[in-house]
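Engineer: Submitted below is the structure of interest, expressed as structure tokens.
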Amino acid sequence: MTTNSSGKPAGGISWRTYLALCKLKVVGHIVFTAIIGMFLAVPGVPPLDTAFWASLGIGFAAASAAALNHFLDRHADAEMARTQNRPLPSGDIRPAQVVGFALVLGIVAMAILIAFVNMLTAFLTFLSLIGYAVIYTVYLKRATPQNIVIGGAAGAAPPVLGWCAVTGSVHPYALLLFLLIFVWTPPHFWAYAIAKRDDYAKVDIPMLPVTHGIAFTQLHILLYTILLFLAGLMPYVTGMSGEIYLAAALIFGGIFVYYAIRLKRKADPRLAMQTFAYSLVYLVGIFSALLVDHYIVL
């Protein structure tokens, strides 16, 4: 089979198009937090075969949800400058092909989790997939400016899925991990929404900066980062983690609050994007600290 320089088979669809549908950066963060959940669930090292299959299944499910999101948002994506080059608006692939790809990924994900992990993890992963791809994308995203607050539950599930994959149960500590991502999600997305407010307004998506204004959103980003700072202390307060984690939580959380204060004082799209970028650093940093603290006792 011949291919052109873009990796596209003659008369076919480029493999890069399928990768773009999967939103690999998002999937990477999801699998990362799920893996952290697996390692935190046990005193030593989790069964590596279970960790492998769980990571693969959760990753495939996340990619399936991402592809469905491409399909369901295709009309809005065609109108927004930042998304016009996505596979569907650019005409690289047909809607039916995207749906088929998403279904295959979803079926494979469920088969892996049922066969090699456990039914509870498969069930919770399926709920997360539906929560993001259907409940959030189809309804919440266009129904309320609190879309990302309510819909954030699906995005906060991965560490719970990882924990459940190893233990077969949902522990209160796993719910603390859920809480961290759940509270992190609004300031993360709202900072981005400030920078891209005009795009969202153009397609009538009621993100908070569109419906309530920039100043209102800036205030709520600050309030949520303060709440996140406090939530970030909970693993230490409850005895889940120790001093290494506490130091990281204070540093990473304090810097996030600092960014939020700067953003509150100045409505600057560049500063909003810097805050958005740091929120990703925070998430990786705080979960990495949880892992390090789990294995190193001072």
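Each Cβ is built from the backbone N, Cα and C atoms, and glycine gets one as well.
Annotations per Swiss-Prot:
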type: TRANSMEM; residues: 26-46; note: transmembrane segment
type: TRANSMEM; residues: 52-72; note: transmembrane segment
type: TRANSMEM; residues: 98-118; note: transmembrane segment
type: TRANSMEM; residues: 120-140; note: transmembrane segment
type: TRANSMEM; residues: 148-168; note: transmembrane segment
type: TRANSMEM; residues: 174-194; note: transmembrane segment
type: TRANSMEM; residues: 214-234; note: transmembrane segment
type: TRANSMEM; residues: 241-261; note: transmembrane segment
type: TRANSMEM; residues: 278-298; note: transmembrane segment
Engineer: Looking at the transmembrane segment (26-46) and the transmembrane segment (214-234), are there 3+ C-beta pairs under 8 A, with each pair at least 6 apart in sequence?
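Structural biologist: They are not in contact.
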Engineer: Checking distant contacts: for the transmembrane segment (174-194), what same-chain residues at least six beyond its ends satisfy Cβ-Cβ under 8 A?
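Structural biologist: Beyond its ends, the transmembrane segment (174-194) has Cβ neighbours at 33, 36-37, 40-41, 148-149, 152-153, 155-160, 163-164, 200, 207-210, 214, 217-218, 220-221, 224-225, 227-228, 231-232, 234-235, 238, 240, 256, 260, 263, 267, 269, 272-273, 275-276, 279-280, 282-283, 286-287, 290.
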Engineer: The transmembrane segment (148-168): which same-chain residues, six or more beyond its ends, come within Cβ distance under 8 Å?
Structural biologist: 30-31, 33-38, 40-42, 46-47, 50-51, 54, 58, 62, 113, 117-118, 120-121, 124-125, 127-129, 131-132, 135-136, 140-141, 174-175, 177-182, 185-186, 189-190, 207-208, 287
